[in-house]
Amino acid sequence: MEQRADRAAEPASRFETLDALRGVCALAVAFFHMPFAHPLREAPRFDNVQFCVDVFFVLSGFVLLHAYGARLGSPTQGLRFALARFGRLWPLHAATLGLLISLEAARLLYLAGHPGTPVVTPPFGPAHRPVEVLTHLLFLQDFITFGEFSWNVPAWSIAVEFYASLVLAGTVMLAGPRARWVFAGLALLAALALHAVSPRTLFAIEDWGILRCLFDLFVGCLAYCLRDAARAPDGGAGWAEAGAIGLLVAIPALVPPGDWAYGAPVAFGAAIAVLSHGRGPVSAAARRGLPQALGRWSFSVYLLHLPVIQVFLAGLHYAVPRVGSLPPGSETGSVDLGGPALNLATALALVAAAVVLAGLSHRLVERPTLAWFGALDRWLFGPRPTPGPSAAVCQIEKTPWRPAGGDWSPLGQYFWPRAVLRRPE
């Protein structure tokens with residue numbers, strides 16, 4: 001279980017193990033949403049796959065603080081952060097929404113030429129109303145709802161993460177990027193508020209998803225601040241990574257609904273802090289081609305698997321005149337195609353199709369739009385200063401640190417003397 005690794009080999013610019021973890025979680029969420037009556041759907045804790053969304057949020061807090069914490073030293077840098085987050089999240093979200101609108105328009109045209117065709121919902125009906133397009137484009141679909149989840153349902157988390165990340169940026173600008181007690185306090189406040197409005201489940205989405213995201217995001221920030229304490233001694237990295245993976249698997253498999261679930265994000269933060277060092281055999285496997293590709297494509301997998309499902313179900317509807325009726329379960333979201341094995345195989349095939357589409361989307365949508373927003377940032381604000389050693393992976397040490405933009409924070413004098421960095425090992 002051990003793997004000796006030179007400390008200089010520890011990644012400084014990317015957390016490759018965490019990238020791979022993000023890819024695995026995206027696949028799990030895509031499979032969870034497959035609307036087929038496969039055997040795993042009846043598993044006692046199948047609904048706990050939703051913990052993957054909390055892993056996403058904790059990862060985001062961890063990585064955002066790593067990438068931007070040292071840059072958020074002035075209001076201008078805060079604006080650059082907001083532009084960067086919008087440029088990362090909105091273009092693919094808008095492109096996916098456009099694809100779904102096109103599918104609805106195609107359904108409308110088909111049904112106009114084939115009256116009497118049975119459908120579960122009419123085109124541009126409930127959950128696909130034109131007015132809901134606007135709320136999605138403004139990232140407001142989790143705040144302004146019309147009684148049901150609409151359009152690309154998984155995108156609720158993208159919307160709340162955008163606004164929660166702005167809260168994170170404001171917190172860092174006020175308190176500094178190493179204000180662990182502030183992060184812990186805000187995580188606790190968000191958790192208490194979420195429990196007050198959703199006492200029976202952590203998996204709040206509609207209306208209160210922002211509280212869930214803030215809770216997880218600040219747990220991720222706290223995990224990043226304590227990352228150095230989670231570094232296993234030489235010779236123990238393999239065991240530490242095995243424990244972290246065991247924790248990530250055991251919580252969804254064992255934790256019952258209710259209050260215990262509220263401790264899961266803290267455990268995820270601890271596991272992420274351990275895996276971020278990338279020194280064990282799990283990390284060595286995660287750095288291989290396929291896990292890294294899944295990590296790169298994870299955002300596209302997450303947003304595009306629902307259109308894949310809708311295209312498949314629309315194809316079944318087109319086949320209705322030949323088979324005489326809709327597949328059993330179409331009304332309830334648990335479609336039976338003829339048996340558990342076939343249902344499971346279809347679900348896995350659609351996940352695979354979503355991965356293929358995600359690879360194309362990453363190349364044709366994500367990368368070009370990131371480059372465009374990067375150029376827009378340089379045009380508006382000028383080139384970023386070359387990052388110094390403090391912009392690399394931070395570790396708790398003795399050398400005092402100050403933000404690149406100067407000590408202008410009103411709370412900085414209290415927190416920054418406790419914030420310490422050293423060069424990455």
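Each Cβ is built from the backbone N, Cα and C atoms, and glycine gets one as well.
Those TrEMBL annotations? Automatic predictions, nothing curated.
Pulled from TrEMBL:
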type	residues	note
DOMAIN	17-358	domain 'Acyltransferase 3'
TRANSMEM	20-36	transmembrane segment
TRANSMEM	48-68	transmembrane segment
TRANSMEM	89-110	transmembrane segment
TRANSMEM	155-174	transmembrane segment
TRANSMEM	181-197	transmembrane segment
TRANSMEM	209-226	transmembrane segment
TRANSMEM	238-255	transmembrane segment
TRANSMEM	261-278	transmembrane segment
TRANSMEM	299-320	transmembrane segment
TRANSMEM	340-360	transmembrane segment
Same-chain residues at least 6 beyond the ends of the transmembrane segment (340-360) whose Cβ lies under 8 Å from its Cβ atoms: 27, 30-31, 34, 36-40, 293-294, 297-298, 300-301, 304-305, 308-309, 312
Among 181-197, 238-255, 261-278, 299-320, stretch most in contact with the transmembrane segment (20-36) (C-beta, under 8 angstroms): 299-320
Segment-level pLDDT (mean, integer) for the domain 'Acyltransferase 3' (17-358): 88
Other parts of the chain folded back onto the transmembrane segment (181-197), taken as Cβ under 8 Å at six or more residues beyond its ends: 171, 175, 204, 207-208, 211-212, 214-215, 218-219, 221-222, 225, 259, 262, 265, 411, 415
Maximum Cβ pairs under 8 Å to the transmembrane segment (299-320) - stretch from the list 48-68, 89-110, 238-255, 261-278: 89-110
Among 48-68, 238-255, 261-278, stretch most in contact with the transmembrane segment (209-226) (C-beta, under 8 angstroms): 48-68
